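I have placed the structure first, in the form of structure tokens, so that the comments after it can refer back to it.
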């Protein structure tokens, strides 16, 4: 019935070198151009190159940044060239040939009629061998019922040995002297006659369209298809766009600028990035003393903490182009695409320098080399190698700063994290109470709030929430207010939205009175321990209304953020988790499946106390388990062997069992002492289904739990080690 859930390459593309003047090379230079002409052309090229250098130098003096163009012969300058005209024509001719073959295959040639004499035609009519005719002017075209053998007169004169051809479809011309009896003669011999006026002859334009229309349609379709694929990139990019970067460019002039005013609650991370903005705005301030800007800044934090928003704010404050791309978008099925896209991304950034490149989820391509591929370099490793090359100090990249975000920094390759690539690491933590209130103010700028809606109280009620969580909370509250046809968002809307997010939505479930009573005692056990244990988190709400996967909920939250926990607090938390099972055993003398999640979480907490935090007298101060936080330093690899012996494993199990057993007995002892209050609370829950903090205190007659250091500790508490709302979520009840 419940659980105490903590809310908490192929090689690089070929480079084709062409002379500056394609027709002047080798023999052509000997025979087609004089020495004077060659010298003039060389002088022109030198002058043109000098002009280009002067233009680049002037650009550097104005902006303080090196030119984005690369020197002749450098790898960057040969990253991507336009398709030569000859190649474009080659593809065009190839498409025409394919089109012609397809038309020949799809539209087979019709049988061509054979010109026969008029007398032969009349003779076959007399024999009844003409099936049908079609007349247009003086020309008659028709079909014989049975094919005949016919050899034209010119063929007879040329070579009489040629065999006669079988004729089925024929054409003939009516003599200028009209045969007046032809029509009756045809009808009497059962010939089907068709005719068309001469003035309905097809126009020349119609003939052209009829002849070339299908081919033109095929060509237009291929052109559209190739352009579409080139725009989409990836496999769809085909020949023209396979190596193009998929980065999205955000220019601050094209939309609403994101600034640090839109970022709240993460002041420490924001302060780390202010210097980056200052460098982009005023480079000489730092370069005059020999300083250089960090080439890369790695943003580390849990999902939803605002890493992407911080990167956009840096670009907005500096007023430079912002190129954003997910690391997963670099790699495709075709080998070498990832490295090509990395080169293209940095090339675009150089062309628009100063600029910011933002790579989200860097761990998708930045994992340590050698962990994924077996027996050779993988596509991911080639992409990583190209990123390392682009960020290396050997290439001039002044004015380009790379920002990257990840929630798994420990899996990144060490070469990626060394100074000279990602020089700085900025940790974006979850906001504290003050930070959450500031974030709520940002997200409620356009939301009309009622007078009873206190953002401070809401911030206190949402410990452990990230910026994305708070934004979702405000949106859910606004939607609830709209469904209720209100003109503003009230405190009730925020509370209901919070319960929906943390506890899950209410679900209709028809329960018997016996099931309701058992659930009420289960939740009552959690609530009573939350009231009598010293230092326990406040019990804000208890309900037996099914929510999400839970049949009932006990909702607790701390009064302030907590960052350090004593052993007594953790032991008290385990006692609180086992309060539901203890209440069932005391009242009914039986067990149900409802405490499954409670037991799972209590066991996990006890295991961490023994293996990670050194809270076992038997095992002492030894860490026997890797860190479990996947965001700020998880295990270095997967499937690694445990770092202890079988005997130590048995000792760990014994200590965990001891802690759980002692906590279970303590929970039952306390509930027996407060059995009267437990019965009253369960009865009220069956009747009202949901009780808030004041109603619980009034019904039980108990005061809120005293502070952890106030007097003797009968049981520390049932609070939450992560300072998030402690929620008791019962599982599915067993058979009654």
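Backbone N, Cα and C atoms are what each Cβ position is placed from, and that goes for glycine too.
Residues annotated as compositional bias 'Polar residues' in Swiss-Prot: 57-73.
Residues or ranges marked as topological domain 'Periplasmic' in Swiss-Prot (evidence: sequence analysis): 109-205.
For residue 308 (ATP binding site), the count of additional Cβ atoms within 10 Å of its Cβ stands at 16 [all protein chains shown]. DSSP assigns residue 308 (ATP binding site) to a helix in the three-state reduction. Annotation comment: Swiss-Prot describes 301, 302, 303, 304, 305, 306, 307, 308 as ATP binding site.
When secondary structure is read from DSSP and collapsed to three states, residue 523 (active site) falls in the helix class. What Swiss-Prot lists as active site is 523, and the listing cites sequence analysis.
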| message | Quick check for the class: what is the C-alpha distance, in angstrom and rounded, between residue 305 (ATP binding site) and residue 523 (active site)? | response | 33
| So which of the binding-site residues is most packed in, judged by how many other Cβ atoms lie within 10 Å of its Cβ, out of 301, 303, 304, 306? | 306
| request: Fill in the CA-CA distance, residue 523 (active site) to residue 303 (ATP binding site), as an integer in Å. | output: 32
| note | Going by C-beta under 8 A and a gap of 6 or more residues, the same-chain neighbours of residue 307 (ATP binding site) are 299, 301, 360, 405, 428
| Which number gives the other C-beta atoms within 10 angstroms of the C-beta of residue 302 (ATP binding site), all protein chains shown included? | 17
